[in-house]
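Annotations per Swiss-Prot:
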ACT_SITE  Lys79  active site, charge relay system
ACT_SITE  Ser154  active site, charge relay system
ACT_SITE  Ser178  active site, acyl-ester intermediate
Amino acid sequence: MSLFDHTVSELHTLLQKKEVSISDLVDESYRRIGEVEEKVQAFLTLNEEQARAKAKELDDKLAKGEETNPLFGLPIGIKDNIVTKGLRTTCASKILYNFDPIYDATVMERLNAAGAITIGKLNMDEFAMGSSTENSGFQLTRNPWDLERVPGGSSGGSAAAVAAGEVPFSLGSDTGGSIRQPAAFCGVVGLKPTYGRVSRFGLVAFASSLDQIGPITRTVEDNAYLLQVIAGVDPMDSTSANIDVPNYVEALTGDIKGLKIAVPKEYLGEGVAEEVRQSVLAALSVLEKLGATWEEVSLPHSKYALATYYLLASSEASANLARFDGVRYGYRTDNAKNLIDMYKQTRSEGFGSEVKRRIMLGTFALSSGYYDAYYKKAQKVRTLIKRDFENVFEQYDVIIGPTTPTPAFKIGEKTSDPLTMYMNDILTIPVNLAGVPAISVPCGFVDGLPVGLQIIGKHFDESTVYRVAHAFEQATDYHKQKPVL
């Protein structure tokens with residue numbers, strides 16, 4: 001049995017009882033990485049020397065009885081678009097291959113203050129643009145359940161590392177499903193918090209009105225512990241909300257009697273695999289037995305979500321990624337004839353094809369002749385999508401459906417057709433456009449591949465999302481299943 005088969009609270013108890021040391025936990029993480037990393041390839045950069053030194057320092061503190069934080073001394077993996085002082089941050093892009101940040105993201109400051117130990121930086125789709133982690137500029141991460149399949153994206157490394165037992169938990173980011181979709185594919189728990197619940201300061205921006213940092217874990221309780229530490233207002237992020245952070249772990253009562261669940265007909269219709277649909281219906285039966293009720297509803301504008309998202313996200317990306325020009329940091333071409341040529345050559349050589357595709361799409365949507373027809377109209381449709389959610393939440397506590405239309409697909413299966421790849425996020429994207437919280441929890445298997453159940457909540461009501469997810473988890477054993485590597 002691995003140490004990481006224990007939950008956060010169990011590991012905390014083991015540390016308090018001196019049955020294991022923090023150094024033991026860090027050793028276990030690097031031992032497991034040495035054992036499976038060649039197959040999974042979740043990590044881009046390891047932080048071994050600093051992690052072992054910090055473990056020794058924290059063991060000394062623990063011996064004096066100084067620390068009681070549940071995350072104290074626990075190893076964590078960090079998606080490589082979250083800046084880490086003194087630890088290379090690449091966004092899985094060649095244009096940032098040598099970027100060494102001089103500051104920590106706010107979430108890193110909070111994790112460090114809580115005593116978590118960064119094991120390394122995790123692979124992703126370049127600049128978080130992708131649904132399979134095949135767009136990484138450096139390596140291909142594989143799904144621990146089937147090494148011929150993708151782990152999802154863009155936080156594929158974050159989900160694969162947790163599923164493979166390399167770390168007990170990790171941080172990812174979610175712009176259109178990039179935490180929930182890989183969590184579903186890898187059979188782990190992933191939460192996209194409400195927009196503004198977690199500071200984005202130090203998250204390398206893709207689409208600033210959509211991005212959110214969130215936790216990926218083995219259990220719902222672990223997820224709640226991690227969100228507890230990273231959530232809260234931040235003066236460095238004007239979009240972070242000054243709303244009190246409740247005790248998420250206390251919300252895990254197991255009691256969902258009288259809970260009203262909405263199930264959008266659009267989320268179980270065309271394009272959703274029958275086996276996935278059956279897994280979700282079986283999950284709803286479990287929740288019914290626990291005292292909840294569910295009814296079918298409609299989110300009528302969700303059919304426009306994909307087009308709306310790709311116009312808005314690409315437009316924001318084209319502006320955000322303008323800063324990568326070879327002048328201040330990162331890759332710079334050696335072939336430039338003049339300054340303008342340096343900009344062109346650096347960006348052409350440094351960005352991958354998917355990033356360039358989205359920059360071009362966004363630039364086109366923002367151009368003067370097309371702004372009203374595309375960008376402005378997409379913003380109006382986004383408002384309608386948000387209203388759909390608000391209308392449903394007037395009568396229901398949560399919305400439930402599948403996280404993804406299918407289980408994990410094979411490596412290379414969708415790379416030649418961007419639209420087919422984009423369709424994979426069709427059930428997660430509306431949540432980002434509405435800004436509401438949502439979690440993916442394991443709810444079954446299809447041919448040995450995990451299926452994810454998506455539970456969507458009201459703005460800043462992560463507590464109810466967690467309560468429902470935890471009740472379902474405790475009534476089933478899907479979260480206890482592990483891949484064999």
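Backbone N, Cα and C atoms are what each Cβ position is placed from, and that goes for glycine too.
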By a 10 A CB contact count over all chains shown, which of the active-site residues listed here is most packed: Ser154, Ser178?
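For the active-site residues Ser154, Ser178, the Cβ with the most other Cβ atoms within 10 Å is Ser178.
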Determine, to the nearest whole angstrom, how far the Cα atom of Ser154 (active site, charge relay system) is from the Cα atom of Lys79 (active site, charge relay system).
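Spelling it out, the Cα of Ser154 (active site, charge relay system) and the Cα of Lys79 (active site, charge relay system) are 9 Å apart.
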Measure from the CA atom of the residue listed as 'active site, acyl-ester intermediate' to the CA atom of Lys79 (active site, charge relay system) and give the result in Å, rounded to a whole number.
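Their Cα atoms are separated by 11 Å.
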If you draw a 10 Å sphere around the Cβ of Lys79 (active site, charge relay system), how many other Cβ atoms fall inside it, taking every protein chain shown into account?
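For Lys79 (active site, charge relay system), the 10 Å Cβ neighbour count is 32.
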Kindly assign Lys79 (active site, charge relay system) to one of the three DSSP-derived states: helix, strand or coil.
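Where Lys79 (active site, charge relay system) sits, the three-state DSSP reduction gives strand.
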